[in-house]
Amino acid sequence: MIRLEKRKEPSKFWRIANPFLAVALTMLAGGIMFAMLGKDPLVAIRLIFFDPIFSETFGSYSRPQLLIKSAPLILIAVGLAIGFKANIWNIGAEGQYIIGALFGAGVALAFFPQPGWYIFPLMVLAGAFGGFLWAMIPAILKTRFNTNEILVSLLLVYVAEKILAAMALGLMRNPDIPGFPGSRDLRRYEAAHNAELFAGTGIHWGVVAALIAVIFAYAMMKRHMLGYHVQLAGQAPRAARFGGISPTRLVVICLGISGALAGLAGMFEVSGPGGQVRIEFASGYGFTAIIVAFLGRLNPVGIVLAGLLLGLTYIGGELSQMMLQLPSSAIQVFQGMLLFFLLALDFQTHYRLRLTRGVRT
Amino acid sequence: MKKLLTVGALCAALAAPVLADTTKVGFVYIGPVGDHGWTYTHDLARRAVEAEFGDGVQTSYVESVGYGADAERVMTQMALSGTDIIFATSFGYGPDVNTVAARFPNVAFEHATGYIQESSNVGLYNARFYEGRAVIGHIAGKMTETNKVGYIASFPIPEVIMGINSAYLHAKAVNPDVEFNVVWVYSWYNPAQEAAAAEALIEQGADIIMQHTDSTAPLTVAQDAGIMAFGQASDMSAFAPESHLTGILDVWAPYYIDRVRAVKEGTWEAGNVWHGIVDGMVGFAPMSERIPADVRAEAEAMIEAIAAGEYHPFTGPINKQDGTPWLAEGEVAPDSDLLTIDFYVEGITSDIPK
């Protein structure tokens, strides 16, 4: 008979292998779904995973787009992962992303139309500060009143969305175009434009920031005392407390870092690819980043790969819609499968199946 | 940027269609094709284009495309794949359409309900939905018993504000006691929120629901509550057989066929059109039996008068909400006023979100 047995230690092999296996299984199950929809599964999977990078027609455009789409995901996910490791659950990165964008854009609009090299750096600071501030609400409520940070941070997303709408309709509305919501196009204000650093590569300051964040996070988790505290608090909270690690401090630090990084991502987006403060500015990056963090095993390097992979399914998903007329909901199911298979497979990281003979004792 | 341009041009050349006379037509949709509202009607027109030209066209679409970077990417990919004409079918794509159009001067862009035209290859088209709103406003004013009409609005932009004003003016004209409650959902398509808005409006006493959003959710709520409602964009009567009075239809097919033909014949030029009932772009779903014969006759007379150019829904005297005069006696609102309207007319009690 088959028996489940808890491993003494989580399997290192499966931790690394599972994401790859999950991608393979997603391709298989997704392929079956595409076939049932009457589309050629091989073509669909080629369009999603290969054409954005290798196609002659699209590659030169989609490769840079991949960086543009993945950078905010990676930037946010890196911050979230630090908290997740310490069992501090910031689910409201979307809200911090929005507030960061509003702070950044606010600085730009306040200076408009002056030139000045210092405007963009100020926007960067403001963006990070905005996200940090928004994350401090659940942090302080948790440390002071012991509220649940999952709930508070999530609900603050909806508050942030309302503030965004109010800004797009009121304070930040472009006064030159009466009647229409939405701020000035920051891409047309040189001092505030988060432009491509090298033409045609898609690399803007947000991509650079994502890379820096990954390196810092890696160094912190592996080499710095704070990283050790985070891991200890996550794995053995009691031991951590006896070891003198202040849970309050950890909550503030983890939410603060993830909030600031999400705010930065929002600021780079609104001043670059997004272009302006609009009611519909938030596009779910903050939520998708949660998937990226888990898909990347809460490991900075893994998050880079996961962010690129998810970015790929977005861009490839659009291509397959355009070329094959796959419905957009099929693409969403496909992306959902990825997380589903990963979580299901993670079972074998902690457990193993044992074939045993004879009667159960 | 320059490099991207050359690369783009090169790719476009590589991807040129094998059959020279097959025109590639791309559609960018804001919602899912199954919304039974706005996007659904654009997709009906896409299929009409296919039916009209057969093998002469190859259409493609991407649905649920967000404004901004996503829209820009989808349109660029369409242009790279050799698409000859792209219909961007939502208001908010404006900046994105113009950015991509500047990069692909040989691709024709048609932007629905937009107002930005920065390149010679960006055409704008829109429908005079306020004409339809006048007719359903009249019916609502006649038929409400609680004198409360609920209005589910999407975004506070001229298009939507104009619709509320038109419906209100014509309801008020036949029922001086009528009140409009407006709920803003900040989305074109969000069934859950639209349903919640409908429920809130019904609780506040509305017995007729109007919507400027695309899902059928408000209609099903109205059906369950036993009150009346108007459909949106397509004939939604099947979703609320008892409640559905009529609805404004978006009829894009003739325009799309005309534009695609122009591209095929090499005569396409960017225009800026605003078509109404007379052009066939604004239509009506079949009127319900529930509408009394005299009301129905009045509604039909109004439709005819608008189509004949004898009546304009915004004819003075009309005051703004704050009481200052907008249109003098007999004065007709100029299009430029309507396209930038950011105020309610006198009598509406709520405020436009600011």
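Glycine is no exception: its Cβ is also placed from the backbone N, Cα and C atoms.
Long-range contacts of the transmembrane segment (A:20-37) within its own chain (CB-CB distance under 8 A, at least 6 residues past either end) are made by residues 44-45, 49, 295, 309, 326-327, 330, 333-334, 337-338, 341-342, 345. The transmembrane segment annotation in TrEMBL covers A:20-37 (among others).
Listed by sequence, the residues of this chain that lie at least six past the ends of the transmembrane segment (A:66-84) yet keep a Cβ under 8 A from its Cβ atoms are 52-53, 90, 93, 97, 201-204, 206-207, 209-210, 213-214, 217, 220-221, 230, 234, 254-255, 257-262, 264-266, 268-269, 272-273, 285-286, 288-290, 292-294, 296, 298-300, 303-304, 306-308, 310-312, 314-315. Sequence annotations record features per position, and here TrEMBL assigns transmembrane segment to A:66-84 (among others).
Residues or ranges marked as transmembrane segment by TrEMBL: A:96-112 (among others).
The transmembrane segment annotation in TrEMBL covers A:118-141 (among others).
The transmembrane segment annotation in TrEMBL covers A:150-172 (among others).
The transmembrane segment feature in TrEMBL is assigned to A:203-221 (among others).
If you look up TrEMBL, you'll see A:242-265 (among others) marked as transmembrane segment. Through the fold, the transmembrane segment (A:242-265) approaches residues 71-72, 75-76, 78-80, 82-83, 86, 88, 90, 93-94, 96-97, 99-101, 103-104, 124, 127-136, 138-140, 142-143, 149, 153, 206, 209-210, 213, 226, 229-230, 232-233, 285-286, 289 of its own chain, all at least 6 residues removed from its boundaries and within a Cβ separation under 8 Å.
The transmembrane segment annotation in TrEMBL covers A:277-296 (among others). Long-range neighbours of the transmembrane segment (A:277-296) within the same chain, counting only residues 6 or more positions beyond its ends whose Cβ lies under 8 Å from a Cβ of the stretch, are 19, 22, 72-74, 76-78, 80-81, 84, 91-98, 101-102, 105, 157, 160-161, 164-165, 167-169, 172, 181-183, 262, 265, 269-270, 302-307, 309-310, 335, 338-339, 342-343.
Residues or ranges marked as transmembrane segment by TrEMBL: A:303-324 (among others).
Taken from TrEMBL, the feature transmembrane segment covers A:330-347 (among others).
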Within-chain partners of the transmembrane segment (A:96-112) [C-beta distance under 8 Å, separation at least 6 from its ends]:
72, 76, 90, 119, 122-124, 126-135, 157, 160-161, 163-164, 167, 172, 183-184, 186, 189, 191-192, 258-260, 262-271, 274, 276-277, 281-282, 285-286
Cβ pairs under 8 Å only, please: of the recorded stretches A:150-172, A:303-324, A:330-347, which one is richest in them relative to the transmembrane segment (A:203-221)?
A:303-324
Should anything in the same chain at least six residues away from the transmembrane segment (A:330-347) have a Cβ under 8 Å from its Cβ atoms, list it; otherwise answer none.
14, 18-19, 21-23, 25-26, 29-30, 33-34, 37, 48, 291, 294-295, 309-310, 313, 317, 320-321
